[in-house]
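*Asks:* Per Swiss-Prot, the features are:
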TRANSMEM  34-54  transmembrane segment
TRANSMEM  70-90  transmembrane segment
TRANSMEM  113-133  transmembrane segment
TRANSMEM  161-181  transmembrane segment
TRANSMEM  185-205  transmembrane segment
TRANSMEM  257-277  transmembrane segment
TRANSMEM  302-322  transmembrane segment
TRANSMEM  331-351  transmembrane segment
TRANSMEM  362-382  transmembrane segment
TRANSMEM  394-414  transmembrane segment
TRANSMEM  421-441  transmembrane segment
Amino acid sequence: MNLWTKIFQPPRHIKEISDPELVKKQYKYWRVRIFYSMFFGYVFFYFTRKSFTFAMPTLIADLGFDKAQLGIIGSTLYITYGISKFVSGVMSDQSNPRYFMATGLIITGLSNIFFGLSSTVPLFVLFWGINGWFQGWGWPPCARLLTHWYSKSERGTWWSVWSTSHNIGGALIPVLTGIAIDYAGWRGAMFIPGIICIIMGFILIDRLRDTPQSLGLPAIEKFKKEDLSHPHEETTADILEEEAERELSTKEILFTYVLSNKWLWFLSFASFFIYVVRMAVNDWSALYLIETKNYSTVKANLCVSLFEIGGLFGMLLAGWLSDTISKGKRGPMNVVFSLGLLFSILGLWGTHDRSIWWADGAFLFIIGFFLFGPQMMIGLAAAELSHKKAAGTASGFTGWFAYFGAAFAGYPLGKVAQDWGWHGFFVALLACALIALLFFLPTWNASEQSLRKHSH
């Protein structure tokens, strides 16, 4: 047994509890405990992921770096995080989420502390790259827990509520770093999130567990007595038996259901450009407001918090509208929201010569609203528009493109802002939003049925 297996191996299933009342009571308790633990755990991952973003303006003043150098540091995280998201997904499937998620959070905390102790670009790149790799340990264990503890019929609701942890983390970190900078400079803005996340990592070890079966509880489908049949498929028993008999080969997943799936290519390219806009607004808008409108760090960061809060509402509404108005098709809402994104970016750019902080905050709120809807639904649509046995690979495929887009928002956009000023920056954002819209358009009527016609 190697060290990895010894530390991270999932616990064995234990004998199932026979008392139905005790099972019900235990399930209720553990579902609540597991959910709040992974929810707040992921909020804290955001603290160590975004600390540098909001420490940037003060770091420029202290160390004299230019935007291109800062862009290199920012891009490093997105590249290592993008690769890790895929690799860690495979690793996490064979690991106990209790230790996997906690270890990731503790190491991101340490990376932030070492970053705060550094003063040169190579060291910043090293520690921010390590941070990016272990940031990839946050999402996969949550996916495992959401799948094991919440049944198919309710998972959408739990998934959307869990997804708001991104926005809550994103909204809190500007405030936390703003206060830390006022009292302890940019280094304090790295130390404080780092220390908090190390503490939270140990709390996760205490609070989280693996599957229901590891606690003597039945599988969630058995507990919920859920009929897993699908309107387009044969009976549940037939399906389960067929799936047990034959898994798809890696070749089938990649070449039949992912690489040859036109919908995934459209979604992946859209994902690239949506993520350029998302990360550009998140990473550069505070600096834009400070440089062009002379806002204080706290006021600029408050405006960026509104971007995340807008995203929270947009995400929940987009999912609900795609279920009700467009009957489960994600394409129409992706197109409508992308159109709204174009106009809201134009609105923010239109206020460049006026310093009205509430107007800037309102436009950032609206941009977040229209951006986070399609960003959330790309992964959902990718999973739905591929074979169920290829859903993870399909989501990972769009995720790779997303984080290449995020990396593009670092050095390349930093260079654009450096050479062509903030007007050039906004032109680049508008171009990306328009291209994303064009890639969403062909997916307007995409559905499982249209995939079958395409595949056969």
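Quick reminder: no glycine exception, Cβ is built from N, Cα and C everywhere.
For each listed feature, how buried is it and what is near it?
*Replies:* Long-range contacts of the transmembrane segment (70-90) within its own chain (CB-CB distance under 8 A, at least 6 residues past either end) are made by residues 49, 52-53, 56, 59-60, 104, 121, 124-125, 128-137, 139-140, 143, 279, 283, 392, 396, 399-400, 402-404, 406-415.
With a threshold of 8 Å between CB atoms, the same-chain residues lying at least 6 positions outside the transmembrane segment (257-277) that come near it are 248, 334, 338, 341, 345, 371, 374-375, 378, 381-382, 385-387, 389-390, 393-394, 397-406, 408-409, 413, 429, 432-433, 435-436, 439-440, 442-443, 446, 450-451, 454-455.
Packing against the transmembrane segment (302-322) from elsewhere in the chain are residues 54, 156, 160, 163-164, 166-168, 170-172, 174-175, 178, 281-282, 285-286, 289, 295, 328-330, 332-333, 337, 357, 360-362, 364-377, 380: each is 6 or more residues past its ends and has a CB under 8 Å from a CB in it.
Remote same-chain residues near the transmembrane segment (331-351) are listed as 270, 274, 277, 314, 318, 321-322, 325, 359-360, 363-364, 366-367, 369-371, 373-374, 377-378, 381, 423, 426, 429-430, 433-434, 436-437, 440-441, 443-446 (criterion: CB distance under 8 Å, separation of at least six residues from the stretch ends).
Sequence-distant neighbours of the transmembrane segment (362-382) (same chain, 6+ residues past either end, Cβ-Cβ under 8 Å): 160, 163, 167, 263-264, 267-268, 270-271, 274-275, 277-278, 281, 285, 303-304, 306-315, 317-319, 322, 330-331, 333-334, 337-338, 340-341, 344-345, 347-348, 351, 391, 394-395, 397-399, 402, 436, 440, 443, 446.
Beyond the ends of the transmembrane segment (394-414), by six or more residues, the same chain brings 67-68, 70-76, 78-79, 81-82, 85-86, 89, 257-258, 261, 264, 267-269, 271-280, 283-284, 378-379, 382-383, 385-386, 425, 428 to within a C-beta distance below 8 angstroms of the stretch.
Same-chain residues lying 6 or more positions outside the transmembrane segment (421-441) and placing a CB less than 8 Å from one of its CB atoms are 266-267, 269-270, 273-274, 276-277, 280-281, 284, 288, 291-292, 331, 334-335, 338-339, 341-342, 345-346, 348-349, 352, 374, 413.
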